[in-house]
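Let me begin by presenting the structure, written as structure tokens, before commenting on it.
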Protein chains: 2
Amino acid sequence: MAEGKQLRSFVEVGRDSHFPIQNLPFGVFRRRGATEPPRPAVAIGDFALDLAAVSDAGLFNGPLLAGSACFRQETLNMFLALGRPAWKEARATLQRILAADEPVLRDNEASRKKCLVPMSDIEMLLPIMVGDYTDFFCSVHHARNCGFIFRGPQTPVNPNWFHLPIGYHGRASSVIISGTDIIRPRGQGHPIGDAQPYFGPSKKLDFELEMAAIVGPGNELGKPIDINDAEEHIFGLVVMNDWSARDIQAWESMPLGPFLGKSFSTTVSPWIVTMDALKPFACDAPKQEPEPLPYLAEKNHVNYDIPLEVWIKSKEQSEPSIVTKSNFKHLYWTLTQQLAHHTVNGCNLRPGDMFATGTLSGPVWTPFGISISSCTC
Amino acid sequence: MAEGKQLRSFVEVGRDSHFPIQNLPFGVFRRRGATEPPRPAVAIGDFALDLAAVSDAGLFNGPLLAGSACFRQETLNMFLALGRPAWKEARATLQRILAADEPVLRDNEASRKKCLVPMSDIEMLLPIMVGDYTDFFCSVHHARNCGFIFRGPQTPVNPNWFHLPIGYHGRASSVIISGTDIIRPRGQGHPIGDAQPYFGPSKKLDFELEMAAIVGPGNELGKPIDINDAEEHIFGLVVMNDWSARDIQAWESMPLGPFLGKSFSTTVSPWIVTMDALKPFACDAPKQEPEPLPYLAEKNHVNYDIPLEVWIKSKEQSEPSIVTKSNFKHLYWTLTQQLAHHTVNGCNLRPGDMFATGTLSGPVWTPFGISISSCTC
């Protein structure tokens, strides 16, 4: 059975669906109105394939997953901890049992009904227990735009930026999934003259288009992950909106960086697209100048060609309009460089940790509102 | 039975012990060499009182804790989630069964041997699963010292500092307990001239004396905790060493704040001293000028009189020498103000979260090396 474009599922998948058999992103769902605990799934067409049910049916029969309890959990953390060999085994099993020429589910109505749940019958949940969440600042175009806006054309980017992936710790407790309502944060803004600072609902609520990596096995405290092993620790990617209250952020950030201007909510997509599914979209990452220090120099310096757009529909609009257009491939510091840098001081990563790219701006200052409306710094 | 100085335990407690019956700090331990899972305890004299054993013996017989599984856990998180009424009930029960005039343990050798474990037979573990860890910057003397050093005598403290408790997110995964070896972090430092940045083991490893609060019930996302309810969410305090690699920190921190210069390890004491035990040491917190905004104005504006010292013994020294002397009472923004500020934007706190005060400097620039060797900013 070929992994590739020609692979087809017996589950009908519309041409515009994000969920063909080549994707199979992982999430966690609950049947609407059901009392059973949440369970892991992959998406296929308009269905969630219930991995607890697949496991109960004995269909995970590979050496690493047969008998494993990892799909009887309420999050994916146990599965993440198993590492790439188990992830690959799961993917191979799922592509096999979903394939058009495989009868095991296709021709067993009872089993098929247990395993394939229509998406209209489910609600999605945060698929991981996030231990720690880190936000990087790795798009050079975004760094240039921010630098230009805040410090003028002479010194557009801080001198450290080209030597290391700049990052900061974010708030893990307020990571939520797409579709969860955001409550406009209250907080302080710059005072005008000698008055008290502004206090009230943020007047400058903003979005930031990012993607975030979900960490697999991770490392022990004090044992950095080598740059060339880093990809073994990255399970997949989610799309992320790093909601930002610019007025709160501007007043509070000196000297220790963003805090309440960000911590009120961070939205991620409920489905995690695996790095294995993204492989066909790998492309060369931008050449780095100056050459990175040896601990950041990698044999396989790749990004992924993932077109990204942000559309907004305000109350006054009848149709949404596009405000940002970018691509993941513009990332200056790759995911593997971010991960290796994160651990070089001995900091330990754990399964389910999340690290985000920072705002992904494209090379062209488009008329779509990139940068001023979505600037990390 | 009086709670107070005259209360005495049948367990012998030395005059210099930190663990009289008035204290009873909470921790988690494991018997050395035992295969049983870790279990909660309080410290009394030279013993750990095993709370799983106390629970098994049916001695938690109050309305909130009878039958509760909270002391059969490997961390204190479930107990923390129960809130102050349960904490008070536990304290009252424990002070009663340990009192000199109470026979239930005193006169039952079998039960006493099960419950009271000599500290020499145990190892302590991190008592909580830290969800998120926040570090504040709330000592005015420390802020003045840092400002003076980094920005000169004209503008010693940032203008936002007197309006809000400045804070940033720290790394939760690398919080460890006292006695755990620290591995000197590797990382980048400022380049000299046009050279590549320095890379190697930190040459400026430093300590920061702080205390950290352990969060109880917490709040739902989007629902701030009122300043006058904040104390209901603070279980107790630990002493904290915010290890800092100054060279890594100085080079990486612009513009998003501390990251790898801090995330390699943060040490906390294994015993959490409860706010109920600290009550006799409450004192007025410093008067605040300008008056805080209403959401930070509290009826009960208190600190605690806790003298703090740091002693260092280098390889070359035969005896340790004192390098810092301070007191918790100098904190400008109180714990309750920190907590109320942290949630004012809707950010959710969870049981077991931790927030630290920032370096606690005293009002006098002593000859003991405060500030330059222990500066957050």
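Every residue gets a Cβ built from N, Cα and C, even glycine.
TrEMBL labels come from automatic prediction, so no person has curated them.
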Ca(2+) binding, same site as B:ASP135, B:GLU208, B:GLU210 - TrEMBL member from B:ASP101, B:ASP242, B:ASP247, B:ASP276
B:ASP242
Near chain A - the recorded positions B:HIS142, B:GLU210, B:LYS262, B:THR359, filtered by Cβ distance under 8 Å:
none
Simplified to three states, DSSP reports B:PHE137 (substrate binding site) as coil
Using Cα positions only, nearest of the recorded positions to B:ASP242 (Ca(2+) binding site) (B:PHE137, B:HIS142, B:LYS262, B:THR266, B:THR359):
B:THR266
Of all the binding-site residues given, namely B:GLU208, B:LYS262, B:THR266, which is spatially nearest to B:PHE137 (substrate binding site) at the Cα level?
B:GLU208
Overall pLDDT of the domain 'Fumarylacetoacetase N-terminal' (B:22-127), taken as the mean
97
Candidate nearest B:THR266 (Mg(2+) binding site) in space, where candidates are the binding-site residues B:GLU210, B:GLN249, B:THR359 and distance is Cα-Cα
B:GLU210
Cα-Cα, B:HIS142 (active site, proton acceptor) versus B:LYS262 (Mg(2+) binding site), nearest Å, comes out at 18
Which one is it, among the binding-site residues B:ASP135, B:GLU208, B:GLU210, B:LYS262, that lies nearest to B:GLN249 (substrate binding site) by Cα separation?
B:LYS262
Count the residues of the domain 'Fumarylacetoacetase N-terminal' (B:22-127) that DSSP assigns to helix (H, G, I), to strand (E, B) and to coil, and report the three numbers in that order.
41 helix, 24 strand, 41 coil
Non-local Cβ contacts of B:LYS262 (Mg(2+) binding site) (under 8 Å, 6 or more apart, same chain)?
B:ASP135, B:GLY170, B:ARG171, B:ASP242, B:TRP243, B:SER244, B:ALA245, B:GLN249
